């Protein structure tokens, strides 16, 4: 009898525990479900948001921590419309709320002020209206606040000045009114953060007072004038010869040499969150740009490791392009625009140095180097990149590039996407570097740039033939970078000729796929520790990105969705059908079609005569 009673009690205990787990686990899921129900989703981006699941951690575009608590919601550029909901304030561990570039209307909920862990709030390029909630001043960890290109009105809440962690602020293109705060965190921001609003412009700094010169007798003036004239003549003779000699020496010296100037000619100022360093400060940090501190060199110049006075490690990129007169203001403007591109997967520009003869950019130091160095130049004591890390690198770098293409105004085309330009932070998170430099180095040109900047093996065929780059140029380079991640090999390697293989990595991979040799192309350092289906999916994304026609390549935002598991199968099936049609009717090849891998011949033939800049 007792045993019979124990069974139903045990059964009910399980049900109660299950109910408790579901209720606690679904608290955050309910908040996100409320958001889903408030939004129109024509592209079915939120289709996986199933409210019956225990937690939302398996949903697309949602990231959780090890405790199954939501830390990130990525719904930028998702073609969503509707309104935000107050339940968003019930995500206690949320760090990133990315809802930019949609058609969201209504007001910003005051409850967002409850998100005390929030680091980034990106609601720009929507149609939000009403005031900026003063409750956002509670977000003491907020670093990035971008509300630009909406219809927000009213005054800027003074509570925001107390958010001392704030590094990036963009309130531009909103009908905001009133005064711009100048205290607290707002003391760092420049007019670019408040452009095209109805805010009262910041007052210009008054010029320093000029001390009046006391009058002197006429006779004294004549004597003083005579003495001054004699001194001036003597000084002219004294400095004429050295000045002529210096001018002659500069003309004879190669134009790509750098001249050091005193730090006094480059006073330290701040441009928003961007610091302007003195040349002397960077000379000391890098031991006068010593060769022993060189981290790398490439088409834009050399990169030096440096240690600032406070002990912070930095990477100093010393640009090598010839300078032209009058380009300082444009260079400074471009640098500030680059600094506004802030994303978890983009290398943050910390500061710069500009003198009449020098252009230097200062970045955080990345202790784990680049993907290329981890794949091919790691010391024996360092373990190879495992497969999960490579997957994270693929997704992180795609997110960074998608941000450059879709959410920077004007958009930034990288023009040299490769493993050497994907850096790794302390957690081996991918950080895209060297973006914006191609345009920065062309700042003195007033015409369309036709010089091809890039690296052999990564250059898209249309960019090579026309000199015109686009987002799809970057997509091609990204696809080749994925193949580097999978194979561990270089995009262009003459050593493959020894085995009668293609020197171009893309062609080599296609050849192996046609021969059904999938295992032969996977990096041997992985030692078989990967899932075949995951490798195949990453190869599929790479091949879609490296199609000959730029029109047929996906956008980087589409690549992100495919890597997150949304739409790859359909896109791949469609491409396979098109390839089969081409091979059957238009472009017969010597290779038989392989079931599951129908690969067309590469058309990206790049001659060796084109310059390459290994980084």
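Backbone N, Cα and C atoms are what each Cβ position is placed from, and that goes for glycine too.
According to Swiss-Prot, the feature motif 'Cys pair' maps to residues 57-64, out of the candidate ranges 33-40, 41-48, 49-56, 57-64. Per Swiss-Prot, the stretch carrying the note transmembrane segment among 184-204, 205-225, 226-246 is 226-246. Of the residues 286, 548, 557, 602, Swiss-Prot records the annotation phosphoserine for 286. In Swiss-Prot, the entry for N-linked glycosylation site among 183, 368 corresponds to 183. Taking 149, 288 one by one, Swiss-Prot attaches N-linked glycosylation site to 149. Between the listed residues 24, 81, 595, Swiss-Prot assigns phosphoserine to 595, with no corresponding entry for the rest in that record. Comparing 161, 312, 333, 487 with the features listed in Swiss-Prot, the residue bearing the annotation phosphothreonine is 312. Looking at residue 455 (phosphothreonine) and residue 290 (phosphoserine), their Cα atoms lie 26 Å from each other. Spacing of residue 312 (phosphothreonine) relative to residue 470 (phosphoserine) is 36 Å (Cα to Cα, whole number). A separation of roughly 16 Å, to the nearest angstrom, links the Cα atoms of residue 465 (phosphoserine) and residue 546 (phosphothreonine). Nonlocal intrachain contacts for the repeat 'LRR 4' (140-163), taken as residues 6+ away from its ends with a CB within less than 8 angstroms of a stretch CB, comprise 100, 108, 116-134, 169-181, 183-186, 199, 342, 409. Across the repeat 'LRR 1' (67-90), DSSP helix (H, G, I), strand (E, B) and coil residues number 5 helix, 8 strand, 11 coil. Of the listed modified residues 370, 455, 466, 546, the Cβ environment within 10 Å is emptiest of other Cβ atoms at 466.
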